[in-house]
């Protein structure tokens, strides 16, 4: 039968709870694991930059495998992908407990667990969209709250586990805890699949043979490996493949001014985004603060982050900020950088607590607007493919950020240069975004004005239309490359005005 619309409640809230768990692990785990770094470093006798690669590879895999995850969800649905992801996470952490070299940690923790977390993230976001329509902002907000809540609990828990079981024992236990993602995945009941089974049950027991046939049909209908569908020609499959790639990655976005500004700014920003979180607890231990207080700094950061995200969302949606959301975004990035620049001045635990509060606030602000600003620039229709391209580009800088920070710590034997590097990079990114978006807003206004002037002047309209027709002819002959950017920009302006 026809699939019903999103129920906006009911089982949807159970799905939100599942998403809360899997999204929470996906975001918080790479940060919470930093608690063990100082000890693992002493154990293997490695440098700061070598240990930082563990977090980096994990974060980069989680971000970079996003498109793979989306394709798998389209093919098999959310439930199996999340359950498989949970299994990968568990396997990765349990095997990490038996590692004898840092390289094996890269593979087990960085790559296998990172991939598992990536398979947890996308499906959870996608399935919420299937279960909710009207209440989607609330549902998404609740699910996204999983990240700070998990970080809050994971940091002290990891420290407790380490004190009692050492890092190997902790990794075993964490592997078991990550298997809860499989439970979360099991809650992701696919919508509209249970209708067929109801139909088969409604047939009376007298008609056994008929019932068996119907059941067989129902099974065939529901099974992903549907025999008639599979008999495609190879050409069709190749075409399908190209279309799929195009759906996730629309390369014409590279001719889009707003998108390019966002991309350059963000790639820069991610060079300094995660390193301070990765090194916060080790830094506190380095100054001589006890382990639990060091772990508690991450919890403080997470609690503030939890409050900052929804608040930022509300402010960014207000009628004063919404039309100029890009400025707000660039401000929050620069604010983030300023926090890191001031961190080396923080002496003692009180100073670090104040830093954690401000860092949590700045981090939450950036996270809350990360995708909102992109949607504002490219419009909802091209958003999916824009996210794909951005995450692939960001991967490199996410991968390099923490190890560069680690190298600075190794070289100078002091953490302050790492904080200064992150701060400087983020202030630079924020300033770049601010100036370029100012330019972009000016250009958009100019183009809008030009269009208005042409609409008012009837003579110019006629010539404009003739010109446009000629241009269209040229465009058809020369291929889509020559399609002027201005028209695309006008379309964008309409979209922005429409929202």
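Yeah, the Cβs are placed from backbone N, Cα and C, and that goes for glycine too.
These features come from TrEMBL:
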- 448-476: compositional bias 'Basic and acidic residues' (COMPBIAS)
- 483-499: compositional bias 'Basic and acidic residues' (COMPBIAS)
- 12-441: domain 'Major facilitator superfamily (MFS) profile' (DOMAIN)
- 448-499: region 'Disordered' (REGION)
- 12-30: transmembrane segment (TRANSMEM)
- 51-72: transmembrane segment (TRANSMEM)
- 84-117: transmembrane segment (TRANSMEM)
- 138-157: transmembrane segment (TRANSMEM)
- 169-188: transmembrane segment (TRANSMEM)
- 259-280: transmembrane segment (TRANSMEM)
- 292-308: transmembrane segment (TRANSMEM)
- 328-347: transmembrane segment (TRANSMEM)
- 353-371: transmembrane segment (TRANSMEM)
- 383-405: transmembrane segment (TRANSMEM)
- 417-441: transmembrane segment (TRANSMEM)
Tell me whether the transmembrane segment (328-347) sits in contact with the transmembrane segment (259-280), defined here as at least 3 Cβ pairs under 8 Å among residues 6 or more apart in sequence.
yes
Can we call the transmembrane segment (383-405) and the transmembrane segment (84-117) in contact, meaning three or more C-beta pairs below 8 angstroms at a sequence separation of 6+?
no
Test the contact criterion for the transmembrane segment (12-30) and the transmembrane segment (353-371): 3 or more CB pairs under 8 Å, pairs 6 or more apart in sequence, then answer yes or no.
no
Remote residues contacting the transmembrane segment (259-280) - C-beta distance under 8 A, at least 6 residues beyond either end:
30-31, 34, 37, 48, 52, 55-56, 59, 253, 294, 297-298, 301, 330, 333, 336-337, 340, 343, 352, 356, 359, 363, 366, 370, 373-374, 377-378, 386, 389-390, 393-394, 396-398, 400-402, 404-406, 409, 415, 418-419, 421-426, 428-430, 432-433, 436-437, 440
Which stretch, 51-72, 84-117, 138-157, 353-371, tops the Cβ pairs under 8 Å count with the transmembrane segment (292-308)?
353-371
